[in-house]
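Trainee: Starting off with a structure, shown below.
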Amino acid sequence: MAESDWDTVTVLRKKGPTAAQAKSKQAILAAQRRGEDVETSKKWAAGQNKQHSITKNTAKLDRETEELHHDRVTLEVGKVIQQGRQSKGLTQKDLATKINEKPQVIADYESGRAIPNNQVLGKIERAIGLKLRGRDIGKPIEKGPRAK
């Protein structure tokens, strides 16, 4: 076999700063002393798990209750639902099963915590046979064909 000319070469080179070291305060000051151009910019919410910006007025908006709240079902409607349900001998769970809703929905409507949904109110009206919307709340629903 022929002799191979492998020469060992030693390269002495200083590694550059890592990304974390380059961003440190000391590295920035050292670069400024050497006269290098340094651009620094602070990123808002960088490195945090904030996907949506929250304004400083959030607390102020939370305190305002006049304009920024959803209308709830009135207690009158809740009482009518409760009386109609009990007159038919139904529990909240039975009524919920009958109209294909969760029992918590019925509980929310009866206590006045629910945000009114016309579809749900219509289903409850048909199940208990009492009007829950309009002027005649609590009156029986007239059964008959609807006029087209």
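Backbone N, Cα and C define each Cβ position, glycine as well.
Pulled these from TrEMBL:
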COMPBIAS  33-42  compositional bias 'Basic and acidic residues'
REGION    33-66  region 'Disordered'
COMPBIAS  48-58  compositional bias 'Polar residues'
DOMAIN    81-135  domain 'HTH cro/C1-type'
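Tell me about the surroundings of these features in the structure.
Mentor: Non-local neighbours of the compositional bias 'Basic and acidic residues' (33-42) in the same chain are absent; no residue 6+ outside the stretch has a CB under 8 Å from one of its CB atoms.
Broken down with DSSP, the domain 'HTH cro/C1-type' (81-135) shows 34 helix, 1 strand, 20 coil.
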Trainee: Provide the three-state DSSP residue tally for the compositional bias 'Basic and acidic residues' (33-42): helix first, then strand, then coil.
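Mentor: Split by secondary structure, the compositional bias 'Basic and acidic residues' (33-42) comes out as 2 helix, 0 strand, 8 coil.
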